[in-house]
Amino acid sequence: MALTQLNNTCSKTQLHSSSQLSFLSRTLPRHHHCTLAPLHRTQHARISCSVAPNQVQAPAVQTQDPKSKPDCYGVFCLTYDLKAEEETKSWKKLITIAVSGAAGMISNHLLFKLASGEVFGPNQPIALKLLGSERSLQALEGVAMELEDSLFPLLREVVISIDPYEVFQDAEWALLIGAKPRGPGMERAALLDINGQIFAEQGKALNAVASRNVKVIVVGNPCNTNALICLKNAPNIPAKNFHALTRLDENRAKCQLALKAGVFYDKVSNMTIWGNHSTTQVPDFLNARIDGLPVKEVIKDHKWLEEEFTEKVQKRGGALIQKWGRSSAASTSVSIVDAIRSLIIPTPEGDWFSTGVYTTGNPYGIAEDIVFSMPCRSKGDGDYELVKDVIFDDYLRQKLAKTEAELLAEKKCVAHLTGEGIAVCDLPGDTMLPGEM
């Protein structure tokens, strides 16, 4: 294992060479882009790199006079000759994945799935760019160390920073996990404003430096409205590229239907979560199927479907906290993987998946200009299309109207962050987000 420290005079070409395995820690924020307090000038940029198992390793050499070196950690002070690296010809072109909230519990599960090849495949090298805060920077360095110690051959580069403009540079995927949790006594309107400011800033950064076709998955709550804020602040990126994560809700719904029907959950298909990622979300049992049959033909207890099933899915996160003592992290990371793979692998014939997307032009009569979870299919090219062959009854329409009204009210609450005027906050009900205390 080798780690390298570079001083700030290194060229950009050195830092981004495709043949270099590097962990880059940029700890000096750009003041005009980042609202966080600046770090001390004594902190220096650092790089570390993982040596492939078949790589010839040259003796370690010092990069500068030891007396003039700043404090550094172990092998961060050393550099190795990596020119002997042998390229793997079957590998695809490297892709860049940015992750915010990278020192958190969800990321702690997710990053290792990404680095292992589980998500994008065994021949897809990746660069991870990890965004933290000034407070979490030390923990972020620990995350980078663990990634390095894991010797993932597909992981070619890791960048850590507190500046979104650095982390989102050339990003092809942006997984926005970081958000402030709802504290005791905090009104939902306050949470919308606090986190909305974070996602407005990140939207601007994506707009400025990310790939023009970057795919963005918003996980931080309230994820639907945070995704709307983000896309409104990124006009150069197609609105269709922004997603709010509702895949965990879909997975939970499939699990509950499978339990009730006495089958394994791979028999459940065509499951849609409609609307907001809150307790107004609508798990759709009308269009879902179990072993190819409509759910209502398999589960005859329709009262259970309308009452107990729906409530179980809506409140599953809170129930987990009561048992576990903390909100879901591992299952959330699994659902992020599922959400990504649904976009890069063709959807099985006749099936679909749920994701929160921009509603403008939707075929369901749902209000436009919000982010609403709907059924989608993909050809595996990172894009998607809305499913048109779904049916509605009065019960489903009534539930959709409630979650739609909530999202429209949230949109008014953040008008000052989307460039649509003065915020007017009159939420129809203080619904708890799944997983909140």
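All positions are counted from 1 along the displayed chain.
Every residue gets a Cβ built from N, Cα and C, even glycine.
The feature disulfide bond is assigned by Swiss-Prot to C72-C77, C413-C425. Among the features that Swiss-Prot reports, NADP(+) binding site is placed at G101, A102, A103, G104, M105, I106, S107, N195, V219, G220, N221, with the record citing similarity to another entry. What Swiss-Prot records for R182, R188, N221, R252 is substrate binding site, and it gives sequence analysis as the kind of evidence. Sequence annotations record features per position, and here Swiss-Prot assigns active site, proton acceptor to H277 based on similarity to another entry.
Largest Cα to Cα distance within the recorded NADP(+) binders G101, A102, A103, G104, M105, I106, S107, N195, V219, G220, N221: about 18 Å as a whole number.
S107 (NADP(+) binding site) is surrounded by 28 other CB atoms, counting those within 10 A of its CB over all protein chains shown.
Taking CA atoms as the reference points, R188 (substrate binding site) and N221 (NADP(+) binding site) are 11 Å apart. The residue listed as 'active site, proton acceptor' falls within neither a helix nor a strand when secondary structure is assigned with DSSP, and so counts as coil. For the pair formed by S107 (NADP(+) binding site) and R182 (substrate binding site), distance between Cα atoms is given as 19 Å, rounded to the nearest Å. The candidate set comprises the recorded positions R182, R188, H277. Of these, H277 has the most other Cβ atoms within 10 Å. Residue pair V219 (NADP(+) binding site) / R182 (substrate binding site) shows a Cα separation of 14 Å.
Listed in sequence order, the residues of the same chain lying 6 or more apart from C425 (disulfide bond) and placing their CB within less than 8 Å of its CB are A189, L192, A409, K412, C413.
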